[in-house]
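Quick notes on the structure that follows.
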Amino acid sequence: MALLLEGTSLARKVREELREQISSIKSVDPYFNVSLKIIQVGGREDSNVYVRMKTRAANEAGISCEHVNFPEDITEYDLLLAIKGFNEDPTVHGIIVQLPLPAHINEQIITEAVAPEKDVDGFCETNLGKLTKREGQPLFTACTPKGIMCILKHYGINVQGKHAVVIGRSNIVGRPMSILLEKANATVTLCHSKTESIADIVRTADIVVAAIGIPHFVKADWLKKGVVAIDVGINSIPDATKKSGYRLTGDIDFENAKEVASAITPVPGSVGPMTVAMLLQNVVESAVRFRKMSRKRKPTLLPLKLQTPVPSDIEIARSQTPKNIGDLASEIGIAKSELEFYGSHKAKVNLEILQRLAHRRDGHYVVVTGITPTPFGEGKSTLTAGLVQALSNLDKLAIACVRQPSQGPTFGIKGGAAGGGYSQFIPMEEFNLHLTGDIHAITAATNLLAAAIDTRMFHENTQSDAALYKRLTLVKGNKREFAPVMFRRLKKLGIDKTNPEELTEEEQRKFARLDIEPSTISWNRTLDVNDRFLRKITIGENPTEKGFTRQTGFDLSVASECMSVLALATDLKDMRERLGRMVVASNKSGEPVTADDLGVGGALTVLLKDAIKPTLMQTLEGTPALVHAGPFANISIGASSILADRIALKLAGTEVDEDAKKEAGYVVTEAGFASDIGMEKFFNIKCRTSGLKPDAIVIVATVQALKLHGGGPPVGPGKPIPEVYKREDVDLVRKGCANLAKHISNARKYGLPVVVAINKFSSDSPNEISAIREEALAAGATDAVDSNHWAEGGKGALGVARALINACENVDSEFRLLYDVHEPIEKKIEIIAKEMYGADGIELSPLAKERLETFTKQGYNNLPICIAKTQYSLSHDPDLKGAPTNFTVPIRDMRLSAGAGFIYPLAAAISTIPGLPTKPAYYNIDIAENGDIVGLS
């Protein structure tokens, strides 16, 4: 009597082991989950039985299994779309398609559509093809052959040197079975229904695997004594003794064969349960593999071809072939489904990624600021690019978060903002120009709101209360209705009614008339071009406007409050609320008028629905960068978005069982201007809003800039650089370090370690650099290191990177804000002026006092402060260099950004739309016949 190779108990053992494996991983990583999708089309009862069996087994093993049942008439196209979605979903680890499919759907096309890394059936050409190679490493092996090999091993049946005959040549069983036996050193003969003298061939076999799908195809007299018989077949034959009228049998004549064979598998109860068990094993293997890959997250560095002298920025950028952005995304753990591609080298990242990675602890958060800016340029953006490249060279995942530059300066005098030398963001032409159109969306939203303001005043001035109310509440069918956005205004007015017919005449008047006071309108139109002649204009001159003219102006698009909202929004809902509460004017009673009062808040959000998603790009060395938002640094926060930072921090973050300090990656972002402006706003506005806590500060300084702050002669665009800036002068550098020391002091007030990066130029001497280092350390910096990233890329900034790693991993910090928002407005301004600028105090003009009273009366007194002042001095006076003292900051006016969520006092006249110089940068910009842009810098 043959040994019964029973598989039911073995399959149960496999499921128990899988459950234990999953539980073991969950004990250290509670967020680990194993997910299987079973796709079925139609409702065949035999398919339903198999699906229920697989689902039950999956649940027993601790696997999350979803049965996705599509209707019988689903199109092949729609089925392929569904599979594509599961392929791209990083939370799905295995996909199986329950066969057969309806006749109108091509099974080959559908099964091949399953991604190889999720093909847990092991059916696809990639996995089968790799299996056939001698050294092939398929991601998955077909479940039935894998289960048979497991049965043979469990029962101690040695196949090495034996002659195995496999009957059946399907891609599911026969072919992969023959390969597995051959790889186990058996000699294999593959037969099929057309094989001649098949009985004679089978009689030579030590092992027979029958998988031909014909009941009792293999007769007992075909088998030699002591053969091992593996029966894969499961066939239904009539049996009057059974309640169902049929019974299941295999491809081998079991009752007679068991008298000849030494071992045989029963049907059912052996190969079937093990097939399902191996399917589950494949799913768990896939989940473990995905988990391992999700923790790897290390981009491959692109090599640099350094040249001396260093070529132009655009030459360097064009000499590097960027990675395909999808490949870079995959390297850092962004799923394809979480991307919206804009060509090959940039893609928007969907905000849903934050939900998937919500369990991760944040990576290290670093802000780059600088000393007080000079016409030389200190190179914060270049340092940001070089630093993330350097961190990547040290095997740390590093992501840059930077602002999208405005086209105004690009075509004006400043040029682009993609970094420089061998520390750039690429493709630099796309970075500096339209990118993904976010700034154009800001322009459209801002101008729509401006149009809504003037249009509303026009219609209120030309219609009666009744006519205005009637037109605002148009009839749908035979019923008058409020538009959904109107309920926000009704709530603001305290009118708790939903039917327009129920409002009293007074309520109708209050609802319909905004009564905007034209002199209080603070909302300008925008464009992304420097144009001084649009600073002050008159609108409404056409006769069709019936004499309703007013003076207004244009701002640069990045100066719009919409851009500030984009930078400070924490999600789509938050952006909608912020846009709706933007104050554009006051009414004639002194009450604020908002975008939602105008009914345009929702439309603004629609225009910005894509702009809210950060754009993934890369540095020259192929490290990731998230480019998003670009608000002014004087009248706004001067930093990239909260959402970009949050996404980057999760991508660079750690799982619960990883070392949160040693294994975390780095997010390096930049604050505009210096510590007194950009950094102060970054902490007190951006971090206050986001709740994120930075780990370290990098202050960028240069020898030339410190000489200017030490009393060196003034410099300006187009003028020769005085000789003192080209020769060694250690004393002048030390005097200028008073400015650096003040910025270090400012930074230390937030409880964070400070690393000074000395941006190196060829004219700098070792003595000058040593002097800066000494002064920086004396002022409280954790470290001060020179950096040559402009000429050498990431390797040139390794010293700064190592100092930063030490500061984040080994130096204690306790982040704190500078002031409590519940302090009076004047007190908050005074704290900033004294602590950040070194002032003795502040002085409010009568207009500023009037604004202060208005904002307090309107309920905006608990907002943070965003002082607009010159960037060229720690004080309000651009001519005061170094670290001035004994001065009072005059506050000439105050403005409100209610949507963005801050008040910005004006300590200087700030131009919100620059002009163009005599020779703008556009003189140098052109395009070659092959489409290459030339002259962009």
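Numbering starts at 1 and runs along the chain as displayed.
Each Cβ is built from the backbone N, Cα and C atoms, and glycine gets one as well.
For PRO268 (substrate binding site), the number of other Cβ atoms no farther than 10 Å from its own Cβ, over all displayed protein chains, is 16. In the three-state DSSP classification, PRO268 (substrate binding site) falls within coil. Marked as substrate binding site by Swiss-Prot on the basis of similarity to another entry: TYR50, VAL51, ARG52, MET53, LYS54, VAL97, GLN98, LEU99, PRO268, GLY269, SER270, VAL271, GLY272.
GLY168 (NADP(+) binding site) falls within neither a helix nor a strand when secondary structure is assigned with DSSP, and so counts as coil. Within the same chain, residues at least 6 positions away in sequence whose Cβ sits under 8 Å from that of GLY168 (NADP(+) binding site) are GLY174, CYS191, HIS192, VAL209, ALA210, ALA211, ILE212, GLY213, VAL232. Among the features that Swiss-Prot reports, NADP(+) binding site is placed at GLY168, ARG169, SER170, SER193.
According to Swiss-Prot, the ATP binding site annotation covers THR374, PRO375, PHE376, GLY377, GLU378, GLY379, LYS380, SER381, on the basis of similarity to another entry. There are 17 other CB atoms within 10 A of the CB of GLY377 (ATP binding site), with all protein chains counted. Annotation note: GLY377 (ATP binding site) sits in a coil segment as assigned by DSSP.
Annotated region 'Methylenetetrahydrofolate dehydrogenase and cyclohydrolase' per Swiss-Prot: 1-309, in sequence order.
Residues or ranges marked as region 'Formyltetrahydrofolate synthetase' by Swiss-Prot: 310-937.
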Review point. To which of the binding-site residues GLY272, PRO375 does the lowest count of other Cβ atoms within 10 Å belong?
Key: PRO375
Study note, to complete from the structure: TYR50 (substrate binding site), DSSP three-state class -> helix
Check your understanding: Record lists GLY168, ARG169, SER170, SER193 as binding NADP(+); longest Cα-Cα distance in Å?
Key -> 12
Check your understanding: Could you state the CA-to-CA distance between GLY272 (substrate binding site) and SER170 (NADP(+) binding site) to the nearest Å?
Key -> 16
Practice item. For the recorded NADP(+) site, enumerate neighbouring residues of the same chain (Cβ within 8 Å of the Cβ centroid of GLY168, ARG169, SER170, SER193, site residues themselves excluded), in sequence order. Key: ILE167, VAL173, GLY174, HIS192, ALA211, ILE212, GLY213
Practice item. Would you mind pulling the longest C-alpha to C-alpha span across TYR50, VAL51, ARG52, MET53, LYS54, VAL97, GLN98, LEU99, PRO268, GLY269, SER270, VAL271, GLY272, which the record has binding substrate, in angstrom? Key: 23
Check your understanding: Any idea what the Cα distance is from THR374 (ATP binding site) over to LYS54 (substrate binding site), rounded to a whole Å?
Key -> 69
Exercise for review: Summarise the model confidence on the region 'Methylenetetrahydrofolate dehydrogenase and cyclohydrolase' (1-309) as a single mean pLDDT, whole number.
Suggested key: 95
